[in-house]
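Annotated in TrEMBL:
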- Cys459: heme binding site (BINDING)
- 6-21: transmembrane segment (TRANSMEM)
- 218-240: transmembrane segment (TRANSMEM)
Amino acid sequence: MITELLLTIVIISFVIFYRQRRQQMAVFKEMGLPGPEPNFLFGNLLYFLWRPLYISFQNWCKIYGKTYGYFEGPTPVIVSSDLDFLHEVFVKQFKNFHARKVYPVQVDPDHDENVHMFFARGERWRRLRSIVNPAFSTSKMKDMMPTINKRVNELMDIVEEKRMDNKHFDMYELFQRLTLDTIADCGFGLKSESLTSKDDVCLQNCRNVIKDTTKRPILFMLGFVFPSFHSLWISIYNILRYISFNPVFWLEDNMARIVKERKSKKASRVDLLQLMVTSEFDPTAKTSEDDADIIDSVVKKRFLTNDELTAMCLLFLLAGYETTSTTLAYIMYEMAVNPEVQKKLQEEIDENFPDETEQPDFHALTKMEYLEMVWCETLRKFPLASTVVARQCMEPSKVQGIDIPSGMIVQANVWDIHYDPKIWGENPEQFKPERFTTEARKNRHQMAWLPFGGGPRTCVGLRLAQLEGKMAIVKLFKKYSFYPSKKLDIPMVCQEGATIMPKNGVQVNVKLREHR
Ligand code: HEM
């Protein structure tokens, strides 16, 4: 009798759940948007088991057109490569689309004390961003040049050892070591010596954090399929801390210690942490994107709390290390397989930096047009952080005649945009820096190039990444020429993790330049 009763309850609950899901998943049909047929439990998530997101988006675009919808569990996501549509969402109607996508295992963006800028939304985000923005100003970047230069010189010593060995080596791995030491140093004085010691514990833990999401696929899948149990997934994730070693918590504990020490002493160094400790938020200041409406006690605080500082430092460490090294790796790949471009870049470097032993001058760096064109074209071909370029609708909105309900996600289909021949001309697979002459840029849509995202929530670390990346490129190509080794993947093979990265590194050979 009890068994029959339980069975009936289970069947009735399943039928209610099934009907609810089907109703939720009718939303795109009601909106008149095409898209792949979802499964009632997983939505379209199973499609991603066999192929990365950025490839899936391109496949679906071929079938359903520039703007379509799919489901992550029950959560509806609009994907678009329509530039005017994206401009409305990311720029013009930012006040309705100020939030990012909420991931299954992340802090609560509205209530947790230790939310960082990447996940925060509304007024919380505005406060964090206005405190952080000054730390990335041009003058602060100039102050960081000696530290970056010191680290690049350490990289040069390793490349010299590799040259003497006369064997091929992986430049991606070296760039990861460079960018970790640089952000640790420029960021908060964290002891990271990964350039001089390959087994540096900080480097190992950063690498493991990047891999961490792939280590807990079941928890992540459950989070996507049943998003309403968000607090449960977070609790399980936190409990796992005591069962198995989690590198995120190792880094967090170290950051918390550094923050505490810094606040208790008079500062002797200028770095991102110090700038955040002293920077103050003025709650009465208005910006154009100011009326998002989460007002609470945290928002009124003028200075960042210890928890917030710790979360921000961890964010900068991971964002600064992974993205910049991957960009440098792709630049190295393109230079090795395009020797004529490499030569042209070296000529520009020779003109601007006659003395290879000196620290590159800031103004000369920003004046180098060809270097800028190479940087932009690399990020066009490899927009490695494309999957985070998304916004959540916070108020019912109308975009290009489409009614978007609150809660819906809008994801930019960056790879399709970056490979659209109508925007970039014939053969977008080809590496052609000339696509970024001043003239060509002037005539292009604001949303055509999105490696750093778009609108008020665009990447805050762009200047730092550019400065560090360009200093490394100038010094390396001033002294050396790089060639593809037999082990280099041509064409490049990418894999999707936290970013879209070279699967087998960038295997090159190096020689001293003859005429420098
Ligand atoms: C070439 C290197 C980099 C690339 C390609 C990159 C890419 C991106 C992208 C695509 C976004 C999302 C933008 C959007 O949603 O519109 C983003 C946001 C962000 N990036 Fe970067 N990034 C890089 C370097 C850095 C560095 C060096 C830092 C800090 C040290 C950093 C910190 C951040 C932060 C804090 C955000 C969130 C901004 C906000 O929500 O207001 N990034 N980045």
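Backbone N, Cα and C atoms are what each Cβ position is placed from, and that goes for glycine too.
Because TrEMBL annotations are produced automatically, they should be read as predictions rather than curated entries.
The model shown is predicted, which means the values in this text are computed figures rather than measured ones.
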Contacting positions for the transmembrane segment (218-240) when only residues 6+ beyond its ends and CB under 8 Å are counted: 41-43, 45, 72-75, 102-108, 246
Beyond the flanks of the transmembrane segment (6-21) by at least 6 residues, Cβ under 8 Å: 40-41, 74
Same-chain residues at least 6 apart in sequence whose Cβ lies under 8 Å from the residue listed as 'heme binding site': Ala385, Phe452, Gly453, Ala465
